[in-house]
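Undergrad: What TrEMBL lists as transmembrane segment is 23-46, 89-118, 138-162, 198-224, 236-258, 270-290. Look at TrEMBL and you will find 39-288 tagged as domain 'G-protein coupled receptors family 1 profile'.
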Amino acid sequence: MPNFTDVTEFILLGLTCRQELQVLFFVVFLVVYMITLLGNIGMIILISISPQLQSPMYFFLSHLSFVDVWFSSNVTPKMLENLISKTKTISYVGCLVQCYFFIALVHVEVYILAVMAFDRYMAICNPLLYGSKMSRTVCMWLISVPYVYGFSVSLICTLWTYGLYFCGNFEINHFYCADPPLIKTACGGVHIKEYTMIVIAGINFTYSLSVVLISYTLIVVAVLRMHSADGRRKAFSTCGSHLTAVSVFYGTLIFMYLRRPTEESVEQGKMVAVFYTTVIPMLNPMIYSLRNKDVKEAVSKAITKANVGQ
């Protein structure tokens, strides 16, 4: 039986084998990727240059945009290359690297979303203490933990992926190196990888989602006690965008990773993966800007300043 050291490359089967659809998908996902980069990088720049966006909420949002740029860039360029290439391969090392960054960035993002929920709780439920409790130092600590934890957990998960054995079938039924199709392709070391994937995903999704749900439960209670209708409207407005992003991101990831890999689940997972690797990173800047008065005002001022400068 050949062991994992015999694998030099994998074949990514991608989204479809139909040539006409591959060309269409290439154009569509290239446009989506460009919008993702422009939207998220634009959000980071806007937050850095706008005085009215120098609050913890936008500090965390800038990091969410930063993670979304790398999250999409980890998957989309290779997918675009394979859509117009005849070989459609990825090296074994490249596959492990893609796995490592994907798992790391997923963990970073879910915990940034949890930190953002906690920030909204502090702002709405403890407004008088918000400035002192959410100082710059505290914010730096809160944002550092997801990065350190995410990349550390990913290293362990990738080592378990490295322990998978393959017996001649090197075709991955996906458009990037994801754990479920890799497990389905492997012939050895499967049970420990499958078990740890479900357990680690379950623990981290449950813990981070619990922070979100507890924070928003306390927020709802606090908002319902407000006497001002305008105050309630403003509180729900600032939380609505975040809740939308949380619901979409967690929903797709839970569908993908909290069940055993089968032929059917892997095939369905490809469609879901398109959504959270390409569409969600594109939508996040829109979700947080279209319903946010501060961001819209900052955009307007930046455009005005640019026109005056010309």
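Even glycines carry a Cβ here, placed using N, Cα and C.
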Undergrad: Which of 89-118, 138-162, 270-290 shares the most C-beta pairs under 8 angstroms with the transmembrane segment (23-46)?
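TA: When the Cβ pairs under 8 Å are tallied, 270-290 comes out ahead.
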Undergrad: Please indicate, using numbers and ranges, the residues of the same chain that are 6 or more beyond the transmembrane segment (270-290) and have a C-beta under 8 Å from a C-beta there.
TA: 15, 29, 32-33, 35-36, 39-40, 42-43, 61, 64-65, 68-69, 71-72, 75-76, 173-176, 178, 241-242, 244-245, 248-249, 252-253, 255-256, 296, 299
